[in-house]
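Pulled from TrEMBL:
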BINDING   HIS93, ASP131, HIS332, GLU336  divalent metal cation binding site
Amino acid sequence: MFKLIKTIKQPQQFKYINRMSTNTSVKGKEVLKKLGELIPLNLAEKWDNVGLLIEPSNTDSMNIESIFLTNDLTEPVLQEAINEGANFIFSYHPPLFNQFKTVNQKSIPQRIAIKSIENKIPVYSPHSALDSCDDGLNDWIANGLIKLNSGRGRSKPITPYQEPLKSTQKISIYLHSNQPLTPEILKQLELNSNFQFFTTDKIELSCNQQQLLILTNLIQSFSNEIKGWDIVNQEKVSSLNNGSGKLVTLDEGIDIDVVIKGVKELFNIEYVRLGKPLSGESKKIKTISLCAGSGGSVIFGEKADLYLTGELTHHAILDACAKGSYVIVCDHTNSERGYLSQILKPNLEKLFDNRVKVLISKLDTDPLKVI
Ligand SMILES: [Zn+2]
């Protein structure tokens, strides 16, 4: 749409219509809501620091015209975002992690926080939620590897996210001793639940979402006759798509050279570091356990022909090679950054119907270089 306005001479009224159809801002509240829907923050690891980390006054009512994407929010990158006129920063890694008791110029995270607020730029970080979500960072890598076998293969999370199963909720009702519920109430409870377990001082019920509403109304109607009640322990089920890391299983084994070339292209890098099986045998790659960034705590949860991640310790590499696997490491952020331009930028443009510009940092880069 912008190109049309720039390059094609049109009568004045058509120019006006084009500008109207590309409304160029979204309220901060909508940006936050839609980001939360695209990348559910409940998928983040417990130790992580995710979401809206820096919130200037009135962020909800701000007119967000451009979202600036970066893997790491360093001070030069923040200055770049300011120079570009960005008014919302999406930093994959959280720029703030440790707590601080003062807000001054003595540390980099604090200076970043102060400067962002002074320039009225909210900073949002999804980090491990983006690793684990459907169509997230690890899916991007897994799909890139499956393409190397002409799409013949599949992937699953190495550590699946445990999703609460909405259809089975459990209610516990605590009874007064020597004061049983009336047969009419017990019958109503039985009729509106799928499973009941009775003891002298407790009733446990299992129910679906619809029954839950009926049961909670019912329990409230006789709440004076019981000690208390709660909804406990939603049952959980392993997610098929969401979770840490990915195990790729190709339908046919492929040469390690094909994988190396594919990884370099996907990550847009010239070099990777390769560990080979210590036995010296060369074998086809059919299973790949992968995790973007620093995946040592995740990828060895599955046995695989190849382990792929950004960084690993010496001993983890040695152990994997001794057990007959290949290892590829390519420096931490090299395994992450390409996602921003290849997947996230188009996804955000679609998410906001092209009403916001999505910019990508040109200065953001891995701090390590092969020289
Ligand atoms: Zn990382």
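Cβ atoms here come from the backbone N, Cα and C positions, even for glycine.
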Fewest-neighbour residue among binding-site residues, criterion Cβ within 10 Å, set ASP131, GLU336: GLU336
Other residues, Cβ within 8 Å of HIS93, ASP131, HIS332, GLU336 Cβ centroid (divalent metal cation site): ASN71, TYR92, HIS127, LEU137, ALA292, GLY293, SER294, GLY310, THR333, SER335
Of HIS93, HIS332 (the binding-site residues), the residue whose Cβ has the fewest other Cβ atoms within 10 Å: HIS93
